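A single structure is presented below for examination.
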């Protein structure tokens, strides 16, 4: 399975660079080759228990698929913005690609360094790849851009040490690279923009995303360290948690956002949410869907009898939530993408905050949340945190947040790029859900070395093609310009990756589909 997963990733890398070949392509190919070799060193370390931190044990290291996501995103973003003539975001794409390569290379060096005996061939490959990447960065980046890349690397190192120590078994090395690398980049961008505020420059919804993500993560780190020294399950600790949340929210996060958008954040948010009748209608509809999702949770827990407390929800039951998020995102993508952008940020903040309440057993709802959500755990929730529902939200939201609006004339990209915001809906909401439902109920022919079935994968591809046809009918802004073969190839490759990867598919698949569509 690991070899097939690696082969699919190599095909995606070569497919992207067949379209956008330049000096960064050599770096990406070199990074992929060395990540392939280092991945086996990480797998061996995990099997022998020789890794520095405790990683998720039910999966391989996932270093190769994770290493290529951020560099490929930066490269395709650079090409799109270059063709649109937006120099600022073309340079931003180069910084993203360089940062992703350097962070992935750093993780590879760590694996090689702690492997005993030292793997000579892998060391040589890592050295060659590092030389190519550093040489290209030397001739491509300005001094300020090099400093920015090194800042992100430094944040990643410290954030990794803190998070992986405090939260054992929550990530594989590849998932840690994706999640913590992304958080490091977001934190660095927020610091950079906060120090260089220019009135009227920058979209308030982008600042809202940066401040919300960084604020809620710093809040979690603060309480994680604090509750090492005190019992979080008492009423006094719970009152302190709520009080400090209010203090940090109103005293730090709100003024921080005010400095960036130059207006009262609460008034701006209320005005934004209720600006048009379409937005009000969407909010009412989303509230109904949220209530339906809560109803499913309560109903499934009510069915759990006292004799079957260890009973877990079936795959089909868990996919109900996938279909609900599809019903949530599609109207937002068609009618008001900016509202969907902001609503997804608010939802992510709420999900993470509720997970804090569950994890720390904050009264009065902490123990109740533990009981309600335990029914929906699977093998990927082996650590102290329950992250699968947050990954589901991220998988559908990241293509919306990462869509290069400034480089898209008339709000959309030409050809297959028009489907970029729909990447999460197609890969996770439609493809992964249909593959799981049909594969578990009707699948008979299994892919070699996996539990996934051929029927499930083929049904997922077919369902995504039907979904693309429906998007063409209902979304007038989408014009594919006869790029149907590329769309079919992209959907097929990502569906095959879903069948073979042991990483969090809710996070990985939408990003790879977005990369293919943007290329």
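A Cβ is built for glycine as well, from the same backbone N, Cα and C atoms used for every other residue.
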Scan 130-148, 149-167 against TrEMBL and say which stretch is down as transmembrane segment.
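Of the candidate stretches, TrEMBL labels 149-167 as transmembrane segment.
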Could you tell me what the rest of the chain brings near the transmembrane segment (57-76), counting residues at least six beyond its ends with Cβ under 8 Å?
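Residues packing against the transmembrane segment (57-76) from afar: 2, 5-6, 9, 12-13, 16-17, 20, 24-25, 27-28, 31-32, 35-36, 38-39, 42-43, 46, 93-101, 103-104, 107-108, 111, 169, 172-175, 177-178, 181-182, 185, 379-380, 382, 402, 497, 501-503, 508, 511-512, 514-515, 518-519.
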Which bits of the chain, at least 6 residues beyond where the transmembrane segment (7-37) starts or stops, bring a Cβ under 8 A of a Cβ in it?
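Tertiary neighbours of the transmembrane segment (7-37) are 63-65, 67-68, 71-72, 75-76, 78-79, 94, 97, 101, 104-105, 108, 121-122, 125-126, 128-129, 132-133, 136, 139-140, 489, 493, 496-497, 500, 512, 515-516, 519.
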Hey, which bits of the same chain come close to the transmembrane segment (240-258), Cβ under 8 Å, at least six residues off its ends?
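For the transmembrane segment (240-258), the far contacts come to 194, 207-208, 211-212, 215, 219, 222-223, 232, 264-266, 353, 360, 362.
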